[in-house]
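Structure first, then comments.
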Amino acid sequence: GLFVTDYFTRTPRKLSPFRSFASIELFHFHIPEDTVIAVWNLITFKEQGGTFGDQCPDRSITVYFRSGAPSVINPLHTHFPRDTAVPGSFALTLTWTLPNRTTGVFNVTSPLPGDWFLAAHLPKDEGKISVKGLYEECQYLFQPQLIVQRLVNIAVLYPGHVTEQSMAPHNRSCLYKVFVPSYTSRVLVEVLRCRGAEGCPLWLRVRAKAPPLHNSTTLDCREHTPCQLAQDLPFWQHWYYVLVEKHPGVPGTVSFQVTVQLTDCSRPSLARPPFLPSSASMNMPHSFGSAGGLALGDSPPPTSPNDTKHPVPNPVTSHAGERCWPVRPTLRNELDTFSVHFYIFFGPNVSVPPDRPAVFVINLLPVLDSGGVLNLELRLNVSSLCGENVTVFGCLNHEVPLTSGDNTSVTCETESLAGFLLSVNATASLSRLRIPYPQTGSWYLSLRSLCATEHGFEPCTNVTAEVYLRAYLSPCINDCGIYGQCKLLRTNNYLYAACECKAGWNGWGCTDNAEAFSYGFQLLSTLLLCLSNVMFVPPVAIAVRSHYLLEAAVYIFTMFFSTFYHACDQPGIVVFCIMEYDVLQFCDFLGSLMSVWVTVIAMARLQPIVKQASVLYLLGAMLLSMALQMDRHGLWNLLGPSLFALGIMAVAWTARTIRRRHCYPPTWKRWAFYLCPGALIAAAAVLLYAFVETEENYFYIHSIWHLLIAGSVGFLLPPRAKPSRRLGPLPRRKGCGYQLCVNEQEELGLVDPAVASINSICTS
C-alpha cells in the first residue's frame, strides 16, 4: 500500500517535581485512522540562566502514555478513594546520555486512532522554599514530537460480498477493513477458495480500530477448514481490520477470496442484508476508503470480477451474546465545566425485570468529557424485592453492552472485552463506581437481577427489582474533600481537573492520611505563626517611648496583618480569615517591607529635615505598593527598598562623619550593644528565610523569622532626643558673625536622653 508520513510537535515546557496531578505537564496528540506505526521522539534538555545547564544535576523524567484520556498515575503509591477504578497506562523513564540533553524514543505499532495523552514530571523533591530570583534555578524542559506513518486507500469489505485477491510472490500480506454498525452481535470473517503451492498457507488476523498485531485474534488457515474467524460482541460504530498474511517462505502466488458477515442482534436469526439502502441506515461514515462509498440515496456499487455476490449462510444461533435488548438513552444536562448530569427518561428509578436486562447508554463527548470523573451510583429499593434474596448486577462497558447468554454469569469481562461490575442487594443496597479520566464515547450499563440460592445465582421468577440510578460527570472525586482543592487546569485547548492536597494529605482525592497532619499539629503550627508576631510589641513600645509614632503605627499594622494572614494561610482546618486571602497577603507583605523601610530611614536620622523625611516615607509606601502588585515573591521587592534605604542611611552617616571628623555614631556602646547585635539578628533571619525554610519546617522556621525580625527592629531603632530647654536669648557679639549650636546628646546617640545633661555649646 501507499504510506503517508505525518509529523507533529509541541512547544517545550518546564517540568516540575511531582506533588499531585496538578503539577504534571500534559501533552495532547491526535493519531489519525489507518496508522501502522507511531514514534514519539522525547527531547529533554537543561537550562540555567538562559544557557545550557551543564552543571545541573541529572534528574530522571517519567513519561506516561494513554489512549483516549489522560493517564491516571500514582508515582507516590498513595491510596485511591473507595470505589475508584484505575485505568492502566504505559510508563517510560528517561535517563541522561549527555550533560545537558537527552532523547528517548517510544514506538507504538498499530496504535489506536484518536486522542493520545502524554504526562511528564520530575521526581518528588524535598519541598525547599526558595526565594524567587535569589539564584539561577535549573530548569528541565521537555518537548515531545510525534511521527506517524499511515496507510491510504485500504480496501473496504462490504458485508455479504466476496472480494477476490491474488497475492504476488513479493507480497506478504493484504489489509482490509469493514465498518461495524450498532446492534451488531457478531463479526464473521471467512477465507474462501484459497489456492497456493502448499494448500492455504495464510494467517487470518482481525482487530478492532487499528491494523492487527502479532497478538491479535489469529487463525491458521492450514489447520482450519473452513477458514473462519468470529468476533463476538464487537465494538459498535468502529472499523474492524482484517489482515491476510502469507506464511514465510511460501513460493508462488496465492489466490483467495475473503468475505465478512455481520449478525444483527436485533434479529438474531438473520444476517445483515448484503446491501443497505444508504450509509445512514447502517450508521456508517460517508467515507469508505478506496472501494468507494454509499452516500445518502446512492445505489450499491456494481459487481466486478474482484467483488462478486456470495450467498450468505445463516449464522450459528447457539453462541452467546447473539441477542441484544433495546438501549435506553440518557438526557445530557450540562451545568458547568465537567459538571454534567445524565438523566434517564421516566427515571431515576428504573425497573429491572427478571427475564431480561435493562440497558442504558451514557455518551461522553470527545475531548470535552475525558478530563473529569465519571460517577455511577446504584441504590436498591429493598421494599420492591418482596422478601426475595435478589441481587442486581450492573456491568459498565465501553462501546458495547455486555449481554451474556448465560443468565447466571456475574462477570463483566470476556476474552476481548473488559468492564466494571457493580452489585446491590438487601444487605448492601448502595454501590458506587468512580472512573477518573474516562475514555470518551458510549458507555453501556446493563442491569440484571439474579436470585441467590444454595447452588449459586439463578434467574428470578416474578420479582421486578427497582433501582435508583444516578450517573454524572464531576471535576474531581468528592470535590477533593476538606483537605484538598479541585483545580481546573488547561494545556493548550484541552481542559482537565485535578486535586491539590494540603496538610499532609495525599492521593487522587486527598483521602490518603498516611502523612496527614493531626489536629493538634495544625493548631500548634497556627498558634506559633500567629503568636510569634507578638514579638513586635517591644519595638512598638520602644518607638512610642522615643516619639517614633509613624514607625510605631507601621509596626502595629505589620503585627496585625501578619497575624491574621497566617491564620488564614493554614493548609488544614484550623483556619480563620477576617478578609479575603489576597487582601491579607498584600497587607502582610506591604507591612513587612514598610517596617524595614521606616526603620532604616529612622536610623538615617533625617528628623531635623522634616520635609525630606516625610517625602521618603510617602515615596517608599507608593513604590512598595507598586512592586508588590507586580510580583509579591520577587527577590528585588525585598532587596530593592532595603538597599535604597541603606544607601540613604549611609549617605547621611557619611555626611555626619565628614562634618564631625570622626565615626558616626560616635560611641562604642551604640555599636557594641545595639547596631551590631541588631544587624546580626537581621542577617540570621534573612539566612533562615532564604536558605533553610522548607515546606516541612515552615511553621517553626517562619515563626523564628518573625521573632528575629521583630527583635532586630528593637535593637536598630535609634533613640530620639528630647527637645532642649529654652534658656533665654543668648547674647550676640556685635558685628558680623554666625552662631552654631550643637546638641551633644543627639550627636552622641545615647539611648536614654535622661542620662545626659542638656548642654548647648554655642560658638561664634
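Cβ coordinates are placed from backbone N, Cα and C, and glycine is handled just like the others.
All annotation found in TrEMBL is predicted automatically rather than curated by experts.
Pulled from TrEMBL, these are the features on record:
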- 291-317: region 'Disordered' (REGION)
- 499-510: domain 'EGF-like' (DOMAIN)
- 516-536: transmembrane segment (TRANSMEM)
- 548-567: transmembrane segment (TRANSMEM)
- 573-597: transmembrane segment (TRANSMEM)
- 609-628: transmembrane segment (TRANSMEM)
- 634-655: transmembrane segment (TRANSMEM)
- 671-692: transmembrane segment (TRANSMEM)
- 698-717: transmembrane segment (TRANSMEM)
In contact by Cβ distance (the transmembrane segment (634-655), the transmembrane segment (548-567); 3 or more pairs under 8 Å):
no
Using Cβ distances below 8 Å and needing 3 or more such pairs, separated by at least 6 in sequence, tell me whether the transmembrane segment (698-717) contacts the transmembrane segment (634-655).
no
Counting each residue once, how many in the domain 'EGF-like' (499-510) are helix, strand and coil under DSSP?
0 helix, 4 strand, 8 coil
